[in-house]
Amino acid sequence: MIAELLALVPVQRAGFGLLLGAIALPPVGVLIVGLDIYPVRFAIMHVALLGSAIGLLTGTDPLLWALALCALAGGGLAPFATTSAGLSGAMGLLMSLAIAVALLVLSISGVNANGAFELLWGSILSTRPVDLVVLAVLAVAIPALFWWRRRDLSLLLHDRELAACSGVRTGPLTMVLLVVIAVSIAGAVKLTGALLVDALTLLPALAARRIGRGLTGMVVASIGIGLVVAVAGLLLALALDQPPGPVLVLLAGVIALLAQLPPMRRT
Amino acid sequence: MNDLWHVTALSLLLEGVHCRYGRHPAVHSVDLDVPAGTRVALIGTNGSGKSTLLRAVLGFQPVSGGVIEVGGRRAGTSAQWRRRRGEVAWIPQLRSTGRFPLLLGELLDSSGDGAAARGAAARLGLARLESRGVHTLSGGQAQRAWLARAVGAVAAGAGMLLADEPTAALDFAGQEEAAAVLTELPVTLVVATHDRAVADACDRVVEMAAGSLREVA
Ligand SMILES: Nc1ncnc2c1ncn2[C@@H]1O[C@H](COP(=O)(O)OP(=O)(O)OP(=O)(O)O)[C@@H](O)[C@H]1O
Ligand SMILES: [Mg+2]
């Protein structure tokens with residue numbers, strides 16, 4: 001039965017999208033853990049929703065609006081990294097503002113709000129070619145960024161002041177990272193839906209934290225875990241005839257949980 | 001080892017420096033003139049403003065008034081601050097940073113001269129720990145690691161070292177070794193310390209009290 005399902009184009013697209021996401025998104029989770037900005041997921045989802053609303057209002061592609069607005073929001077957050085309230089406070093504010101404006105836009109345009117919320121309920125099986133292009137770009141750009149700037153990133157994620165003392169341009173680098181995080185979350189929301197975005201971002205990163213050594217080890221481990229979650233999760237969902245999103249999250253959650261267990265005693 | 005290094009010690013000038021946290025003044029009208037190559041011990045009770053003052057020189061603490069010059073240069077733009085942080089090596093007061101794994105080897109290499117820093121680390125008893133995460137080091141080992149990093153930074157061209165209680169977590173032998181390493185460096189040294197041995201090895205002692213500075217010896 002699985003073989004028949006795998007012959008269907010939407011399923012193939014879903015599988016391909018998941019593989020690309022499993023390469024692009026876990027390193028983003030590593031960034032979220034490293035910068036200690038867990039609220040960024042919610043803030044960016046609300047901004048994506050605003051983008052989606054504008055897309056509906058103007059009759060243009062909601063995903064592209066979401067990506068553009070999220071990139072802008074990510075860049076705009078960067079200056080808060082050095083303030084005492086930090087990034088998380090600014091993100092809470094951004095989240096409330098974005099949802100408020102989104103609701104106003106929807107109300108003014110008279111569009112049915114469900115259309116905008118569809119973005120948040122995004123489903124893997126509704127992956128379109130344009131979504132695949134976005135994910136493919138991310139799957140190349142993000143690992144490349146990590147490899148190219150691995151020294152600067154390990155220092156910055158460990159300690160901002162140490163990085164500044166080591167010649168790292170912390171301001172511009174933080175801005176690039178926040179834009180990457182924001183765009184990736186917007187892309188991931190389309191893939192898995194908002195409520196399940198952690199399956200390929202945060203959960204693999206949390207699991208990898210206990211496995212990988214140093215930043216490079218952690219990123220490699222997180223991608224490995226992401227790929228396992230993506231492949232096993234999709235096959236399991238097809239076999240059980242259940243929606244892939246929740247199955248992926250459960251699988252990722254179990255792996256993250258197992259990684260937190262203390263190592264087994266050998267004596 | 002000094003003659004292997006082409007380091008120019010830099011002068012430090014503070015004029016009327018003020019720092020505050022919110023409305024609470026932490027550093028009040030501080031003047032200090034340190035000629036290039038001088039070693040100054042900065043003593044004072046807990047909370048008197050030593051760390052705040054040192055961090056202000058590196059731009060990690062905003063200054064609400066006054067002038068800070070290193071080698072006769074002020075810093076304002078981000079390029080100038082980057083230059084300042086290359087010229088001034090820094091040993092922060094021991095704190096629990098690093099939520100995120102950084103290997104000791106990476107910390108040493110970040111100094112700009114990994115070979116010199118690794119050499120100093122070996123001398124300070126960290127030889128076999130280079131692939132360990134910094135967060136797994138003991139307090140004293142971490143302090144030795146930062147001292148070794150400072151040696152690397154000086155080898156890479158820093159002409160000044162600001163050290164914030166660099167021997168506070170060290171055992172007796174370590175305090176002596178560290179004092180020797182610190183005072184051998186061919187740079188201008190400002191060291192915040194509660195350690196007699198370190199203070200005695202310096203040319204001058206200045207004392208912070210409730211945010212103000214006065215000369216002691
Ligand atoms: N982040 C902060 N926010 C508010 N007040 C602060 C902050 N950091 C330090 N202070 C206050 O500023 C004053 C000076 O602190 P500082 O850390 O410079 O003292 P110190 O001389 O280095 O002390 P110690 O010997 O304990 O290291 C203290 O009263 C301290 O409570
Ligand atoms: Mg202090």
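Note that the numbers count up from 1, one per residue, in the order the chain is shown.
Note: Cβ is positioned from N, Cα and C throughout, glycine not excepted.
Residues or ranges marked as transmembrane segment in TrEMBL: A:14-33, A:93-112, A:132-150, A:215-239, A:245-261.
If one looks beyond the transmembrane segment (A:93-112) by at least 6 residues along the same chain, the residues whose Cβ comes under 8 Å of a Cβ in the stretch are 39, 42-43, 46-47, 49-50, 52-54, 56-57, 73, 77. With a cut-off of 8 Å between Cβ atoms, the residues of this chain six or more beyond the transmembrane segment (A:14-33) that come close are 6, 40-41, 124-125, 127, 131-132, 135-136, 138-139, 141-143, 146, 157, 177, 180-181, 184-185, 187-188, 191-192, 198, 200-206, 208-209, 215, 218-219, 222-223, 225-227, 229-231, 233-234, 244, 248.
Using a Cβ-Cβ cut-off under 8 Å and counting only residues 6 or more beyond its ends in the same chain, the transmembrane segment (A:245-261) has close neighbours at 18, 123-124, 192-193, 195-196, 198-200, 203-204, 206-211, 225, 228-230, 232-234, 236-237.
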